[in-house]
Amino acid sequence: MLTVASFNVNGINARLPRLTEWLVKFQPDIVCLQEIKAAEDRFPREEIEAIGYNCLFHGQKSFNGVTILTKKAIPQLIRNQLPNDPDPLQCRYLEAEVNGIIIVSLYLPNGNPLPSPKYDYKLAWFKAFVTHAQTLWNSEKPVILAGDYNVVPSSDFKDIRDASELEGNALISPESRFFWRELLAMGWTDAIRARYPNEPLYSFWDYQGRSWPKDHGMRIDHLLISPAIADRLMDVGIDRTMRGLEKSSDHVPVWLRLRD
């Protein structure tokens with residue numbers, strides 16, 4: 001079996017105790033992290049390697065940043081920039097090959113407020129990502145596109161507790177959802193919904209408004225998989241217990257498990 005997880009840590013140094021505890025307990029084989037918020041000299045490589053993980057890192061001071069951790073295999077870098085990225089100075093994309101599987105860790109722009117240059121940037125980045133996803137799809141290789149997409153797929157209860165709270169928000173805008181649907185129409189499988197098509201499952205609870213105590217969450221962290229991966233899919237999950245811990249991220253890990 002192979003377990004692949006994605007987790008927006010919202011600052012790796014602030015969450016390091018929670019992250020390392022989770023890695024030791026859960027033992028995923030491959031982990032995609034987002035919002036590292038650390039430059040190379042502040043990335044806790046030694047602490048992560050000490051618990052048995054190799055690190056492929058692409059980050060910047062205070063903002064963004066993505067990482068791929070692997071427990072056994074050495075990740076082979078393919079690219080650390082999205083082709084045609086509208087702002088290549090932002091560290092949002094990392095692509096590597098791990099044991100014959102192409103692994104992508106991505107942090108899609110939030111896009112708020114709307115309208116604004118930030119929203120225009122989000123749509124431009126999303127469009128470039130959809131174009132590159134088509135290239136990956138055409139390769140017919142096993143691929144996992146993991147990360148914080150900053151898009152809620154639908155306004156149904158299964159994806160968001162109360163969509164009215166996000167009225168006018170870039171996470172649920174028609175344009176953001178258009179690009180998400182483009183990925184699904186291309187043939188990518190939403191791994192969580194392949195296993196649990198209708199169950200309310202959330203990956204993010206805002207720090208504001210007592211979202212966690214009220215369970216006003218939403219699903220914005222996704223695992224999209226190619227047919228070669230979908231054929232091996234055994235199980236998926238969202239580890240919501242992480243959100244209730246002290247000094248937690250506002251996101252929780254999402255994961256999938258594959259047959260050998």
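Cβ atoms are placed via backbone N, Cα and C, with glycine included.
Annotated in TrEMBL:
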ACT_SITE  His251  active site, proton acceptor
DOMAIN    5-251  domain 'Endonuclease/exonuclease/phosphatase'
SITE      Asn150  site 'Transition state stabilizer'
SITE      Asp221  site 'Important for catalytic activity'
SITE      His251  site 'Interaction with DNA substrate'
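Taking the features listed in TrEMBL, we show where each one sits on the structure.
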residue : record                                  : DSSP (3 states)
Asn150  : site 'Transition state stabilizer'      : coil
Asp221  : site 'Important for catalytic activity' : strand
His251  : active site, proton acceptor            : strand
Query raised in the report: What is the separation, in Å, between the Cα atoms of Asp221 (site 'Important for catalytic activity') and Asn150 (site 'Transition state stabilizer')?
Result: 7
Query raised in the report: What mean pLDDT does the predicted model reach across the domain 'Endonuclease/exonuclease/phosphatase' (5-251)?
Result: 97
**Report entry** Rounded Cα-Cα span from Asn150 (site 'Transition state stabilizer') to His251 (active site, proton acceptor), Å
**Finding:** 11
Query - Set of same-chain residues at least 6 away whose C-beta sits under 8 angstroms from Asn150 (site 'Transition state stabilizer') - result: Leu108, Pro109, Asn110, Gly111, Lys122, Ala170, Leu171, Ser176, Ile220
Requested in this report: Tell me the Cβ neighbour count for Asp221 (site 'Important for catalytic activity'), meaning other Cβ atoms within 10 Å of its Cβ, over all protein chains shown.
Outcome: 24
